[in-house]
Amino acid sequence: MASQNQLSSIKGAKVLMVGAGGIGCELLKTLALSGFQDIHIIDMDTIEVSNLNRQFLFRKSHVGQSKAKVARDAVLKFRPHISITPYHANVKDPDFNVDFFKQFNVVLNGLDNLDARRHVNRLCLAAEVPLVESGTTGFLGQVTVHVKGRTECYECQPKPAPKTYPVCTITSTPSKFVHCIVWAKDLLFTKLFGDKNQENDLNVRSTDATSSSEHVEDVFERRKDEDIEQYGRRIYDHVFGYNIEEALSNEETWKNRNRPKPIYSRDFLHDEIAQQNGNVDKDCAAGDPSSVSAMASLGMKNPQDIWCLKENSRIFMEAFKLFFMKREKEIGNLTFDKDDQLAVEFVTAAANIRATSFGIPLHSLFEAKGIAGNIVHAVATTNAIIAGLIVIEAIKVLQNDTNNYRMTYCLEHPTRKMLLMPVEPFEANKSCYVCSESPLTLEINTHRAKLRDFVEKIVKAKLGMYFPLIMYGAALLYEVGDDLDEAMVANYAANLEKVLSELPSPVTSGTTVTVEDLKQELTCNINIKHREEFDEEKEPDGMLLSGWTQASSVEKDDNKSNGNGGSTSNASQAVPVEAEDNVEMDVLSGKKRRLSEISGQDLLSVTDETKNHEKLEVVDDDDDLVMLDDDPGLNKRKRIQ
């Protein structure tokens with residue numbers, strides 16, 4: 001039962017929720033039933049069919065509508081007298097600036113990606129508004145409290161990069177089904193249906209191309225007078241047949257590996273397939289293009305069936321054909337989406353055919369979709385538990401009850417008869433460039449690296465600043481904004497193409513560059529250190545940022561091979577496995593930390609089984625799970641007093 005003080009603080013609070021998905025639906029319901037009177041919700045997403053199994057405020061009739069608006073309407077049906085303000089928008093939009101955040105007493109996150117989390121963290125720091133973070137994955141979950149000057153911020157401990165795999169493994173020597181999925185999704189699907197100008201590591205050389213040819217035909221380009229069936233078979237034969245033949249020509253690669261077998265369409269696809277496909281075109285001629293399905297066309301209904309090679313080949317060709325016949329206008333702009341049925345079918349079939357070639361076990365469409373989307377299937381009960389814990393911490397924040405703030409972890413198996421493990425928050429990391437404004441050091445070849453490299457690879461990719469202003473001393477080197485005149489835009493565009501040492505105010509070893517994001521009200525000083533050479537495999541960006549740590553998540557290729565006919569890539573490159581909207585991998589310092597190390601003296605007597613609870617590093621559904629990490633500075637981290 002809430003005390004009078006608690007009720008008073010709840011009723012007078014103005015709360016901002018960011019995210020109206022799995023946790024967000026539960027959170028909005030819990031806030032409303034707990035007595036909160038003024039709630040604002042930001043969410044840019046629309047409702048998908050796949051949301052309905054856990055985001056209980058939504059119904060099938062709501063598919064395609066704004067999550068924030070539908071969630072508001074649903075809650076107002078049982079709490080009609082409270083105020084809920086929805087924003088169907090991106091939290092990174094300029095309207096949601098520091099002044100906007102200042103109007104709230106507390107911000108509650110139920111987000112699904114690292115970039116948005118970092119952005120909200122910085123706005124909360126600048127606005128001096130407490131933030132309650134959360135995340136779930138399956139049966140696991142967490143809630144953390146971040147208050148400026150009292151606890152560490154969300155970025156005080158490093159977050160890992162999306163999982164990546166060496167391109168040589170993906171294109172030449174896959175050994176796991178996930179390698180085949182990455183190949184099918186990030187290389188083949190993108191090459192056929194995505195941006196044609198994007199770099200791609202698929203071998204595009206045709207069978208009859210010679211090394212002396214000035215013009216090498218790109219086999220992925222459709223030829224004149226070539227029908228879709230012929231085009232699809234030629235692509236099939238190239239990627240599953242010819243490229244494998246080319247790879248086999250490098251004997252050195254296969255000394256200690258099983259040799260793959262080439263697969264050609266003539267062995268599995270016959271004329272009757274084309275005739276059958278022609279008959280089903282009438283059935284899918286009408287309706288929403290996004291609902292087009294190769295499985296439906298071929299009369300295959302169960303997504304949990306594991307298709308044989310012939311069935312995968314038929315799905316591959318049918319999906320290929322349907323993209324060109326029913327969704328031709330989208331080709332060239334498509335990106336893989338786990339909720340795009342036809343895309344999932346194509347990627348599943350392509351991955352399975354490649355897996356067959358390399359002797360890797362096949363997977364069902366249901367399994368492949370989970371891998372392709374990095375999906376750990378959500379548990380609605382976990383979301384409900386985490387939402388309740390968020391509200392508990394929010395009430396403590398509103399009452400300024402700092403001594404009782406807790407980071408709480410929801411466990412899959414009981415520890416000391418507990419499924420919820422509370423941990424006292426830590427003080428801010430004095431080396432954090434976000435909340436402690438500690439300077440960073442960048443090792444870079446100032447005679448080769450361009451300002452564009454610095455902006456894209458460091459400022460945006462690593463520091464998460466999307467509207468940066470870059471200065472050296474009093475000289476303004478680069479700026480982004482709508483209020484710039486044409487001369488300024490042209491000047492900054494010219495600077496981007498100059499190497500650092502040749503800028504109007506040369507950036508050389510020993511100089512300090514200041515980077516600022518005015519929207520986040522974040523400033524960072526970077527000390528520049530010139531370095532001639534970099535390890536292409538360990539430092540593929542050609543620069544090294546220190547004082548800021550991002551956990552490595554590149555899978556080691558223990559059986560590294562030299563390049564072969566199947567790849568046009570360097571072994572040092574890597575293909576990312578994007579964290580899709582329901583998943584994010586997050587470990588505070590990149591290494592696993594056992595549960596017994598999480599809360600120090602509080603957990604000294606945990607069981608051996610729980611000490612090895614390695615799963616606590618993974619994150620999912622709409623949010624992420626962060627576990628504290630075992631690093632040399634761990635013992636130096638202090639809990640708040």
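Placed from the backbone N, Cα and C atoms, the Cβ positions cover glycine too.
Cβ neighbours within 10 Å of C168 (active site, glycyl thioester intermediate), excluding its own Cβ and spanning all shown chains: 25. According to TrEMBL, the active site, glycyl thioester intermediate annotation covers C168.
Taking all protein chains in view, 27 other C-beta atoms sit within 10 angstroms of the C-beta of D43 (ATP binding site). Annotation source TrEMBL lists ATP binding site at 19-24, D43, 51-54, K67, 112-117.
Per TrEMBL, Zn(2+) binding site is recorded for C153, C156, C432, C435. Cβ contacts within 10 Å of C432 (Zn(2+) binding site), excluding its own Cβ and spanning all protein chains shown: 19.
Sequence annotations record features per position, and here TrEMBL assigns compositional bias 'Acidic residues' to 621-632.
Taken from TrEMBL, the feature domain 'THIF-type NAD/FAD binding fold' applies to 5-432.
Among residues of the same chain six or more beyond the domain 'Ubiquitin-activating enzyme SCCH' (329-369), those with a C-beta under 8 A of the stretch's C-beta atoms are 48-50, 174-177, 179-181, 183-186, 188-190, 192-196, 239-240, 244, 258, 260-263, 289-295, 303-307, 309, 312-313, 315-316, 319-320, 322-323, 375, 580. Annotated domain 'Ubiquitin-activating enzyme SCCH' per TrEMBL: 329-369, in sequence order.
Annotated domain 'Ubiquitin/SUMO-activating enzyme ubiquitin-like' per TrEMBL: 442-534, in sequence order.
The annotation region 'Disordered' is assigned in TrEMBL to 552-581 (among others).
For 621-641 (among others), the entry in TrEMBL reads region 'Disordered'.
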- Query: Apart from C153, C156, C432, C435, which residues in this chain have a Cβ no more than 8 Å from the mean position of the Cβ atoms of those residues at the Zn(2+) site?
  - Reply: L125, E152, Y154, E155, A428, N429, V434, S436
- Message: Between C-alpha atoms, which of these recorded positions comes nearest to G19 (ATP binding site): C156, C168, C432?
- Response: C156
- D43 (ATP binding site) to C432 (Zn(2+) binding site) - Cα separation in whole Å: 28
- Message: Just to be sure I understand, if DSSP states are collapsed into helix, strand and coil, how many residues of the domain 'Ubiquitin-activating enzyme SCCH' (329-369) fall in each?
- Response: 24 helix, 0 strand, 17 coil
- Query: Given the binding-site residues D112, D115, and counting only Cβ atoms in the protein chains shown, which has the most within 10 Å of its Cβ?
  - Reply: D112
- The number of other Cβ atoms within 10 Å of the Cβ of C156 (Zn(2+) binding site), counted over all protein chains shown, is 22
- Using Cα coordinates, what distance in whole Å links C432 (Zn(2+) binding site) and D115 (ATP binding site)? 17
- Task: Go ahead and report the DSSP secondary structure tallies for the domain 'Ubiquitin/SUMO-activating enzyme ubiquitin-like' (442-534): helix first, then strand, then coil.
- Result: 24 helix, 30 strand, 39 coil
